[in-house]
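As recorded in TrEMBL, the features of this protein are as follows:
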| type | residues | note |
| --- | --- | --- |
| BINDING | A:Thr154, A:Lys176, A:Thr187, A:Glu267, A:Asn386, A:Ser391 | substrate binding site |
| ACT_SITE | A:Thr187 | active site, nucleophile |
2 protein chains.
Amino acid sequence: MTVTAPKGFRASGVAAGLKTSGNADVALVVNDGPDYTAAAVFTGNRVKAAPVLWSQQVLKGGIVRAVILNSGGANACTGTQGFRDTHATAEHTASVLRTTGSKPMMIGAGDVAVCSTGLIGELLPMDKLLPGVNAAAKALAADGGPKAAEAIMTTDTVAKNAVAQRLGWSVGGIAKGAGMLAPALATMLVVITTDASADNETLDTALREATRLTFDRIDADGCMSTNDTVILLASGASNRQPTLEELTAAVTEVCHDLAQQLIGDAEGATKHIAIEVAGAASEADAVQVGRTVANNNLVKTALFGNDPNWGRILAAVGTTSAAFEPDRIDVAINGVWVCKGGAAAEDRSKVDLSGRDVQITVNLREGEMNATIWTTDLSHAYVHENSAYSS
Amino acid sequence: MTVTAPKGFRASGVAAGLKTSGNADVALVVNDGPDYTAAAVFTGNRVKAAPVLWSQQVLKGGIVRAVILNSGGANACTGTQGFRDTHATAEHTASVLRTTGSKPMMIGAGDVAVCSTGLIGELLPMDKLLPGVNAAAKALAADGGPKAAEAIMTTDTVAKNAVAQRLGWSVGGIAKGAGMLAPALATMLVVITTDASADNETLDTALREATRLTFDRIDADGCMSTNDTVILLASGASNRQPTLEELTAAVTEVCHDLAQQLIGDAEGATKHIAIEVAGAASEADAVQVGRTVANNNLVKTALFGNDPNWGRILAAVGTTSAAFEPDRIDVAINGVWVCKGGAAAEDRSKVDLSGRDVQITVNLREGEMNATIWTTDLSHAYVHENSAYSS
């Protein structure tokens, strides 16, 4: 059910005192091989946290033996000292793994990816983090995935694990975050493991296709974190070499599962909203329209108020550059076609918005392409959580 | 202090029963000449309300004798019937003005601009609106501007009037809306009058420059209405012909005054926030960065919570395509430089956010250009008002 489901991985999660709550806050995932291939995608934000800048370099090296993760501090906007701290964390992790436990590893700092999440703009308490790394290394276990998932939680209410089982091999994953919605920009950290054998290029292709259709299509408030990281590690311990298509399907399955868990746990949300855009001239048009509707505060507040206000949906569509004619658009909310040809159709009072799940369909009537974006409503709890976080 | 301050204009506002509250909901502004030149800017939303489509055609004719405005219904997303209703409203207004009062006018429907504001997706009750036009025509008065300003209010808490006095001529204006923040996309309707003499091209140039620096730089929630209209009428009744620069300055003064009234009255806002972007490589960069910060829900909720969370500001800047280096950006909040060179600087506890006015300065350190965007915070009241509007 988690990153230690595939063979060849150990993981752990420990409390190092970074979180004032005393909950676990340092996680470690180790690849015991025999392969150490990897791929990753990082935030598109141009203001990147120190661990992102570091891990981008590590991935270029082509080998990742371990991922060290901390909650309780994002180490973003922390200048050169922040980068030195990330470097020191990787060095320390490598050093400890070379000397700890029954399986000393041949590993250098350049083989250690680093992920951080928490408040932006403050340096990490290294006097707590480095001892935490020691503890995490000692706690490494072949069933340690769930503990790692717990240690990366910030405002998550539940730990997030997923697995895709195949004949003789599998893909597992852990995640934290709330789909760009939680405080401090809801860093999304995801570690995915597989015991399949695959080279870096194959992993990269599979991961990019999977994230394009999953994490890139959840969007809670349009805010992009400085720390988002999705990293895929392959151990080859299954001695199986699936095709690219097989691997992509399994990685996508895990990413989809984790993405839905993220949006389902989005802070302050009372609705789990799927916005399907059909009849688009291109997939890019469908994604643009879906994302624009998903990010519209007036649509999101209306849904919080159980109000099937399709006019706000049309007005949001109108701000895009997608191909459409205003007088051809159809809109359904939970199966009721409240708008046909850009004007009122079925009685909006027929729409039942009392449940948590909301399905919006926008048919642009321009072509055959479609895409679905998942999002949440904009609630009092969102405002409360996000106005009270760092103070 | 209003649209009837310049010579050559009459206005009125009456209650026609479009609003369930019984408040005034039909306004009329008439240009008695001798000139009837005009210019207008309309919403950039591709889903345009019927009155916008109609008024765009009227403006192409080059003569505007009257503007008929209603609150209590946007007449947007109402299909062909909605357009027929707008056309009928203009025909009726022209007909009534040809036959009413001491000054019968030579006027056709093609000389009548129409503006509507309220809920999207419902047809206007023409059986109430057309008698309201009769009443508005009868009530026209040389001091009727304030009544017109009242009749176009929706969720506005105060009527909005402004004037710029010059030697021998003036510019006056009325406005409604809440800077894209109020329910149903906060249609912004603005009528500006002047007794200066100016041809259509001069008016158009002056109005576009004025709106570019005022209405285009307020942004409460990034949502763009289907009905936004700013219309400028010139009567020439002063017999003065200011230069383009003089006219532009006076129109800009009135637009700035009204724009600040709009953002100051934005629904549910507890903060009036100015985001100044300095040191930009271009004005477009400065506007893009300011607008992106203004639209960021995490920045807006932080300010609602009196939290000087500069990390969220940097993260928002990072999502733009403006020229900048992350490690060169400086940020000040209410005069305290909490971020220098992309990292923490002065103690954030020095920032006093207890007042309503907030001044954020982002220095990109790339060039000499700057721009200021005005916005509001994201509060519980915003969520409440916008989740409870149409239901």
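Note that Cβ sites are derived from N, Cα and C of the backbone, with glycine treated the same way.
Note that TrEMBL annotation is computational and uncurated.
In sequence order, the binding-site residues from A:Lys176, A:Glu267, A:Asn386 that place a Cβ under 8 angstroms from a chain B Cβ are A:Asn386. In the three-state DSSP scheme, A:Thr187 (substrate binding site) is classed as coil. When the binding-site residues A:Thr154, A:Thr187, A:Asn386 are compared by the number of other C-beta atoms lying within 10 angstroms of their own C-beta, A:Thr154 comes out lowest. Of all the binding-site residues given, namely A:Lys176, A:Glu267, the one with the smallest number of surrounding CB atoms inside 10 A is A:Glu267.
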